[in-house]
Amino acid sequence: MTRNRKRLAVIAGGMGFILTAVLLVMFAFSQSVAYFYMPADLAKTPVAPETRIRLGGLVGEGSVVRGTGSTVEFAVTDGSTNPVKVKYTGILPDLFRGGQGVVTEDMFAAGTNVFVADTVLAKHDETYMPKDVADRLKSQGLWKEGQGQEAQGKQAQGQEVKATP
């Protein structure tokens, strides 16, 4: 083998290795990415059953029904006419209650309109919510300022206060 052929073989092997690595990373990301939806989004563009997504909004007031064991059913709403029924088995976060912001993650059960969640995250303010989602909830009048957070103008815990002379 000549020197040029060896160099070409090394370059081709390196390119093949890089291509394989990129394809493996893309496959891994496609398996772990979960797109964020709100109930109004799901009404416009339904998601195929068994597609992993994140569903966010507010827990419907009076919709929390505790079943046997640690199974809980509740509705997630964003003010649209179609709240989404969610079923979750596990320990709920302390901040979870009706009217509170929530993000659930998993998929719709095949043949039903029930979202079976394996993760439930309770939110107490827009710090943990995408800005556009918080803005949509505020524009619909569903977001209550100061809910779960210190009122504006109060000094946050841990911040230094500078005295003015």
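The chain as shown is numbered from 1 upward.
Cβ atoms here come from the backbone N, Cα and C positions, even for glycine.
Straight from Swiss-Prot, the features:
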- H124, Y128: heme binding site (BINDING)
- 144-165: compositional bias 'Low complexity' (COMPBIAS)
- 139-165: region 'Disordered' (REGION)
- 1-7: topological domain 'Cytoplasmic' (TOPO_DOM)
- 29-165: topological domain 'Periplasmic' (TOPO_DOM)
- 8-28: transmembrane segment (TRANSMEM)
Long-range environment of the topological domain 'Cytoplasmic' (1-7) - Cβ separation under 8 angstroms, sequence gap at least 6: none
Within the topological domain 'Cytoplasmic' (1-7), residues counted as helix, strand or coil by DSSP: 5 helix, 0 strand, 2 coil
